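Input: a single structure, listed below in structure tokens.
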Amino acid sequence: FDKNKVQTTKYTVLSFLPKNLFEQFHRFANCYFVFIVLLNFVPQVGAIQPFVSMAPVIVILFIQAVKDLFEDYGRYKSDVEINSAECFVLKSSDDKYHKMKWSDLQVGDIVRVVCNSVIPADILLLHSSDPDGICFIETSNLDGESNLKQRMVVPKHWGDNHEFYPKEFKSIIECQTPNNEIYKFHGNMIPANGGEKISVNNSNLLLRGCVIRNTDYVEGIVLYAGHETKAMLNNNGPRYKRSKLERRMNTDVIYCVVLLLVMCLIGSVGNGIWASNMSNIEQAELFIPNEENGEALNPALSGFYMFWTMVILLQVLIPISLYVSMEIVKWGQVHMINSDIDLYHKETDTPIRCRALNITEDLGQIQYVFSDKTGTLTENKMIFRRCTIGGVDYPHAANGESPITFLLPNAGPPRIYVQTLFNTILNTYNPQLFIQPNTHFCNQDICRLYLCAQLSLFCVLHGRLLNLLGYVRVKSIGISLFESLPFTPPYTPIITLPYATLRHVTRSHINLHPPTHHQVTSPPQYPIIKLPHPPTPSSLYHPQQLSTKRPASHHRRNISSVSAREVLATVAQSEEDSTAMDPTEIETDVTPDPVLYEKLISTPYSTFACNEAKSRPLVQRRTNHCFPTATTRYLKIRYEAESPDEAALVYAAHAYGCVLAHRSSHGGKESVTITLPDGGGKLEFEVLHKLPFDSTRKRMSVIVRDPRNGQITLYCKGADSAILSALRRDQQDDVQFDIINRTKQYLDKYGRVGLRTLCISKRVLTEAEYSEWEQLHRAAERDLENRDQMMINSFVRMEDNLELLGATGIEDRLQDGVPETIEALRQAGIQVWVVTGDKRETATNIGRSCRLIHQNDEVIELITETPTQSNMRYRNYWTPLFQAKTTNGENCRKSNIRRQFFMVIDGRTLDFVLGTGNRDQPDTLVKEIADKFVLLARRCRSVLCCRATPLQKGMVLKLIKDKLHVMTLAIGDGANDVSMIQVADIGVGLSGQEGMQAVMSSDYALAQFRFLKKLLLVHGHWNYARLASMVLYFFYKNAAFVFLIFWFQILCGFSGGNMIEQSYLLIFNLIFTSVPPLVNGVLDKDIDAATLLKKPELYMQGIKDELYLQRTFWINMLDALYQSLIIFFFLYVIYLDTEVGLIEWGTVVTTAAVFVILIHLGIETKTWTWIHWVCQIGSVLVFFAYSLIYNIVCATCLPPSNPYFVMERVIQTGQFWFSILLVTAVALFPR
């Protein structure tokens, strides 16, 4: 096994130079310029002093080497610090813990880690100071998540109450080979005495780099050390991607190479012709190179030599500094993005983070955005809104809003629905339940709990109508006993009298008091009532229709005992409210049941505390604060859950007084303590097994043992498609069939209003059933090879024959700015896809809310069950779309057909598209379906993929990316979005409620979806425009300078001569003209941010690649050609009959080139800052300063040229300044 020493450095003192050079020579450009340097050492082709020609290459390699060395030195210091850290390790010699450096730790060592200390290696937890055998760790160093996670001690085979003695620990541990999956681990621990294997998993593993919190100390054995730890295996460094612009730029570099070869070939042929023509004249040796024996070179050989000489002279046509310059500019662009205050989320103190440094310009060319829904478009702050139990809907109000009651189509008018449901509730009432202390708790069925709670809620919703029907006597006592509370943490328990009664009567030690203050009377007979306006099947019944008047006064009252009659009368109508419906104006055909009525009003209610009770009408926010004093100590409980949905359910139960008070683990046995409402005592459920959620099953379960009767029950929650398909086959009697059918209808209604839905079910197990399953499950846990598949099979085997309890509806609000952002992206020409695991109705409702679906869009639904059906559905939709396009012709193209259609596709149909649903599905059929899907999706304005698995998210993005060759961006916030984020050209992670896995896998990390608008439309456009302009400018300025040398070859007989001083030739592009384009690449703004946000369609410049096309590349090259012609031949004519020497004339040409090239950039600059001015003027001053100093101090440095005092003489003439001004004006006139 490896030791725990880590080394993240790339180099050592001896290996740095050869290894770094080897890495740098992997770049084609560096190899090219080294080849040019070597050519200069060949006498026959050398055009520049060999050692001088090495300067540019050495400078570039040196800058890169210094950068690499600086980065590696930082890693070295970090390694030394980590390896020198100390931990406590058990020594067998004296059975005591001693301090030891991390680097000396080995696999098999037993270590002790104290509170707030960093875990030195991957350790299997054997003992904790916590009596429950748990510890808490903070994993922010590993995955960025700051919330604490719980880990458990391996179940002890030496007894629950035995102390841990490390020297007695003798076991064999089997585990996986080292891997980088930080959330997955499994293995076995085999006791030395030959006992049964003990399965270990991720909940028993402490990972290197995490910190122990809220635990005095833990002890464990090292399983993985050093580079085999999961933290080190995940240390991959920064992400590297090659941008679209860079890929296209590489193509243009090839064009430059071809142009260079053409120019060199022209020079070679021209030299051969020149040599052939000059060989017959006298003193030909003055013009034609000679061989060593003094004879003139063969023209063909002379041309061959000249080819390579021209390669040396014209080498700068390939921009040696372009790649380094792009890295510098992208670093500056990243800094500008990180510094944007508009991308900072103040509430969570979260700025934007750029994790990929080399794809900033891709932000300006995105064509498709693939987004998750939950936590990405929504806040992922779940609010419990309603549930359905036994086919009955139970709404809950929040923030003072009145709840909306759903009516099913077969429920009849509101009056009939109210009466029918009320009678149903009363029929479930069992008087023995409320008068016998030892009765089973609500018949051991959670459904009864909700039915009883419905009494109070029902009266709030329909109190006026119940009064008219004779169920309620209107008797004002000046108190409202219902409070509308927000289901957001921290929750205050909602206590209403019928439910409070339930809490009291289910306790065995509570004495109930029969009513004594009110006389029971028989209900009067009422006339038949007929509603004047029967509602439609989809209508909603609002309690606002029953009460609108505000009370004139409020009263305070303490109550010791009340009856149902008084309670219902109080809830039904507030004091001084007289706007109820007039019974004389309504007819009815159903009268109240006297027996049921009498049962209701004779129900006893127990004592409760009520403070500051105020009478308010039902349409106003209730300010009653009624809750049992026994539960007030739980109000400050804060729950942490892996899923916000789970937290919402637990907080909702807390609000009703059913409190999750404690979780513990003793000897490997986990238990959960529940506090019953109103001081009703505690129940400690033994948790036998937890069946975690996975995207295949789409559900999770827990198996518990009831402490009251020892009954074993599995409770399962999950997606409706996963739960309903696993229900008991015998649940097809009329009652159960009706409940299931009603639940499905309510699920659809919940989805249509945007609620997230979960189905709740259970399965009661016999001891024999559980024992049989447990044996198979344990065998699956101990299997190291096929454990994952065997565990899933075990889960599915248990999660069968379920009994449906009901379903929940949880609200997840849209984030601020989401509709505006999506609308802006679509106006920018970006097609937005939402890929979510939610059901179709929920996702569609959110799609309408966030403007993904417009009112006039025609919705195409691809919901199929077989590949053949899927293929036919594509044909049905594709034919009219194709015909519409061909029929309307130009009019259709102008109207943009993508603005007319919206596609909805479910996960089952996606299986057929991706070829993952049926292994027997022919490849030809898969390809046919995929091609039709892509063509159809391309015609649609937006696409919604619902019930998609994490694997499907990545696969559908890859399908679109590969088939359409488009630039894609994926944005998500959870682990289920990682595959999609990694496949996309740009991955964006949101730091939300579901951990940091998406952020850790992303290129950019945001806090809110709305920040995507400015990131793409502003920074994306700017970065693309800046880099496109900079790259084109680099090609232009290099070409313009090279063309000057090429034109001179015409005058010197293609002899390889050069009028520009050698040092200028080497540093012209490296120093004189390099800084201003870097500044432009970081700071230039072609359009201001406000305009870009106001007119998103400007983003299409990047989508269509309008700023960097092959046409624009060649236009810049022609511009360079034109300017070089003006500079060269104008100056040639001006100085034709003067006594200026070659070096002096070359200096004038170089000066003119500097002015023209820099002013050309100034014309291209759209936004000027003081930094632009400093760099532009500074570059000119640097050129003159260098020339003046160099001409004096280095006159004979580069023979045979002698530039002594050349610049000093030239600048003193008026001809020089006139020619510079004239040439600059004429050369830039087209601009």
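Don't overthink the numbers, they just go from 1 along the chain as shown.
From the backbone N, Cα and C atoms, a Cβ is placed for every residue, glycine too.
Bear in mind that the values here come from a model prediction, so they are computed numbers and not experimental data.
Annotated features in TrEMBL:
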- 1-53: domain 'P-type ATPase N-terminal' (DOMAIN)
- 25-42: transmembrane segment (TRANSMEM)
- 48-66: transmembrane segment (TRANSMEM)
- 92-177: domain 'P-type ATPase A' (DOMAIN)
- 253-274: transmembrane segment (TRANSMEM)
- 305-326: transmembrane segment (TRANSMEM)
- ASP372, LYS373, THR374, GLU646, PHE693, LYS717, ARG756, THR836, GLY837, ASP838, ARG947, LYS953, ASN976, ASP977: ATP binding site (BINDING)
- ASP372: active site, 4-aspartylphosphate intermediate (ACT_SITE)
- ASP372, THR374, ASP973, ASP977: Mg(2+) binding site (BINDING)
- 539-559: region 'Disordered' (REGION)
- 539-550: compositional bias 'Polar residues' (COMPBIAS)
- 999-1231: domain 'P-type ATPase C-terminal' (DOMAIN)
- 1031-1051: transmembrane segment (TRANSMEM)
- 1063-1083: transmembrane segment (TRANSMEM)
- 1113-1136: transmembrane segment (TRANSMEM)
- 1142-1163: transmembrane segment (TRANSMEM)
- 1170-1190: transmembrane segment (TRANSMEM)
- 1210-1229: transmembrane segment (TRANSMEM)
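Within the domain 'P-type ATPase N-terminal' (1-53), the DSSP-based counts of helix, strand and coil residues read 26 helix, 0 strand, 27 coil.
Same-chain residues lying 6+ beyond the ends of the transmembrane segment (253-274) with a Cβ under 8 Å from its Cβ atoms: 29, 287, 299-300, 302-304, 306-311, 314, 317-319, 1035, 1039, 1042, 1046, 1049-1050, 1053-1056, 1113, 1117. Binding-site extent for ATP: residues ASP372, LYS373, THR374, GLU646, PHE693, LYS717, ARG756, THR836, GLY837, ASP838, ARG947, LYS953, ASN976, ASP977, maximum pairwise Cα distance 24 Å (rounded to the nearest whole number).
For the pair formed by ARG756 (ATP binding site) and ASP977 (Mg(2+) binding site), distance between Cα atoms is given as 18 Å, rounded to the nearest Å. Per-stretch counts of Cβ pairs under 8 Å to the transmembrane segment (305-326) identify 1031-1051 as the leading one among 48-66, 1031-1051, 1170-1190, 1210-1229. Residue counts for the domain 'P-type ATPase A' (92-177) by DSSP state, with H, G and I taken as helix and E and B as strand, are 10 helix, 34 strand, 42 coil. Using a 10 Å Cα-Cα cut-off from ASP977 (Mg(2+) binding site), the binding-site residues that qualify among ASP372, PHE693, ARG947 are ASP372. For the domain 'P-type ATPase A' (92-177), the model's average pLDDT works out to 83.
Counting other CB atoms no more than 10 Å from each candidate's CB, the binding-site residues THR374, ASN976 peak at THR374. Here the Cβ of GLY837 (ATP binding site) has 22 other Cβ atoms within 10 Å, regardless of which shown protein chain they belong to. Put simply, ASP973 (Mg(2+) binding site) is 13 Å from GLY837 (ATP binding site) when counted between their Cα atoms. When the alpha carbons of ASP372 (ATP binding site) and ASP973 (Mg(2+) binding site) are compared, the span between them is 8 angstrom. Taking a C-beta cut-off of under 8 Å and a sequence gap of six or more, ARG947 (ATP binding site) has these contacts in its own chain: ALA719, SER721, GLY837, ASP838, LYS839, ARG840, ASP906, GLY907, ARG908. In the three-state DSSP assignment, the secondary structure recorded for ARG756 (ATP binding site) is strand.
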